[in-house]
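To keep things clear, I will list the structure first and then write my remarks on it.
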Amino acid sequence: MDPGPGLAALQAWAAKSPAYGAANQTVVDKVPPDMMHMIDPHWYQFPPMNPLWHALLGFTIGVLGFVSISGNGMVIYIFMSTKSLKTPSNLLVVNLAFSDFLMMCAMSPAMVVNCYYETWVWGPFACELYACAGSLFGCASIWTMTMIAFDRYNVIVKGIAAKPMTSNGALLRILGIWVFSLAWTLLPFFGWNRYVPEGNMTACGTDYLSKSWVSRSYILIYSVFVYFLPLLLIIYSYFFIVQAVAAHEKAMREQAKKMNVASLRSSEAANTSAECKLAKVALMTISLWFMAWTPYLVINYTGVFESAPISPLATIWGSLFAKANAVYNPIVYGISHPKYQAALYAKFPSLQCQSAPEDAGSVASGTTAVSEEKPAA
């Protein structure tokens, strides 16, 4: 049976590497000599990966990079060029898109080239910069999402008593996010852990296989401040957000029964509904972020505690899921943000395949308007 040109091409790719399937060959054989000092002895026990995995990873990362760079670039352009979207709350959305945009600009092209050569080809210092960039932008993304959750908590739970976030307040939060993220990601350059090639040899990350507990402590403490603490803060925010929304809806239904009407919805209630919609969007985005980064955390903890063997193939999935995070945010906000859609279709009519959403259904801009009308505390 003829395998077809596509399968034949993949088989030819797999056959071109004499190392794959050969005896006494390891996954580190193609690593350049100037990087051998960075390779942990753990990886010498594994044979070369099937070139098909490198091809699949390179293709997937290339697609994710294209979608993320174009999608996040579009989000940044639309939000910054549309007057009605230039609100304090949306500055956090822009910062999130900016972080994801830079992540894929820094990581996707380099990894595609590495997958073609089936090893890291950019040298030791570029490996460290690559890993530092992934850590920096990942940290910035999760803390930006945490600030978005706090903003929703302030508007929805505290209501009219809340002090609205100003542009200066949003910019100060963004500055704090980047300073905090940069501080954590620079520490490995000063001896607390280090950045090394991962098991697939096409990406770089933190050294979670080190036997030194000083080095291991970086992984553990970093995960507390960049994974578990934001998670707890976000859960706290959304617990009270859901509680407040449920109480509001219950009060509305009870009042409607007393007045013998179907609904008490008014323009003010519509604004509250918009707040609830944005809370759902943010919660979805955050859930996708944790789905993306949890596999990488599990791999790091598995290495630190030596609870199970880690294969080069397993490290591929950690890299893939982590980078997929940069694709989720523009999709989520583009689908569920009517005012963003309206601005997008106005600037790029060719993208419109259905009638433009009504501007009155705005989510993010509507919530900001509610906030800005409140008196300062």
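Placement of Cβ uses the backbone N, Cα and C atoms for every residue, glycine included.
Around CYS127 (disulfide bond), the same-chain residues at least 6 positions away in sequence with a Cβ under 8 Å from its Cβ are MET35, MET38, TRP120, TYR195, VAL196, PRO197, CYS204. Sequence annotations record features per position, and here Swiss-Prot assigns disulfide bond to CYS127-CYS204 based on sequence analysis.
Annotation for ASN24 (N-linked glycosylation site): no spatial neighbours, criterion Cβ-Cβ under 8 Å with sequence separation of six or more. Sequence annotations record features per position, and here Swiss-Prot assigns N-linked glycosylation site to ASN24 (among others) based on sequence analysis.
According to Swiss-Prot, the feature N-linked glycosylation site maps to ASN200 (among others), an assignment based on sequence analysis. Sequence-distant neighbours of ASN200 (N-linked glycosylation site) (same chain, six or more apart, CB under 8 Å from its CB) are VAL27, MET49, TRP53, HIS54, LEU57, PRO312, LEU313, THR315, ILE316, SER319, listed in sequence order.
According to Swiss-Prot, the region 'Disordered' annotation covers 357-377.
Here Swiss-Prot flags 1-58 (among others) as topological domain 'Extracellular'.
Each residue in the topological domain 'Cytoplasmic' (80-92) has a pLDDT score, and their mean in this model is 89. The topological domain 'Cytoplasmic' annotation in Swiss-Prot covers 80-92 (among others).
Residues or ranges marked as topological domain 'Extracellular' by Swiss-Prot: 114-129 (among others).
Residues annotated as topological domain 'Cytoplasmic' in Swiss-Prot: 151-169 (among others).
The list of residues near the topological domain 'Extracellular' (191-220) in space but at least 6 beyond its ends in sequence, with Cβ under 8 angstroms from a Cβ of it, reads 27-28, 30-31, 35, 38-40, 42-43, 46, 49, 53-54, 57-58, 107, 111, 114-115, 118-120, 127-128, 130-132, 134-135, 296, 299-304, 310-316, 318-319. The topological domain 'Extracellular' feature in Swiss-Prot is assigned to 191-220 (among others); the stated evidence is sequence analysis.
Per Swiss-Prot, topological domain 'Cytoplasmic' is recorded for 242-280 (among others), and the stated evidence type is sequence analysis.
Residues 27, 42-43, 46, 49, 198-201, 208-209, 216, 219-220 of the same chain, all 6+ positions outside the topological domain 'Extracellular' (302-312), place their C-beta atoms under 8 angstroms from a C-beta of that stretch. Residues annotated as topological domain 'Extracellular' in Swiss-Prot: 302-312 (among others).
According to Swiss-Prot, the feature topological domain 'Cytoplasmic' maps to 336-377 (among others), an assignment based on sequence analysis.
The feature transmembrane segment is assigned by Swiss-Prot to 59-79 (among others), with sequence analysis given as support.
Per Swiss-Prot, the feature transmembrane segment maps to 93-113 (among others); the stated evidence is sequence analysis.
Taken from Swiss-Prot, the feature transmembrane segment applies to 130-150 (among others), supported by sequence analysis.
Per Swiss-Prot, transmembrane segment is recorded for 170-190 (among others), and the stated evidence type is sequence analysis.
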Cβ neighbour count within 10 Å of CYS204 (disulfide bond): 29
Residue numbers, six or more beyond the limits of the transmembrane segment (130-150), whose CB comes under 8 Å of its CB atoms: 89, 92-93, 95-96, 99-100, 102-103, 106-107, 110, 122, 173-174, 177-178, 180-182, 184-186, 188-189, 195-196, 203-206, 226-227, 230, 233-234, 237-238, 282, 285-286, 289, 293, 322, 325-326
DSSP-derived class (H/G/I helix, E/B strand, else coil) of ASN200 (N-linked glycosylation site): coil
Intrachain residues whose Cβ lies under 8 Å of the transmembrane segment (281-301), provided they are six or more past its termini: 138, 141-142, 145, 148-149, 152, 205-206, 208, 219, 223, 227, 231, 234, 238, 307, 310, 314-315, 317-319, 321-322, 324-325, 328-329, 332-333, 336-337, 363
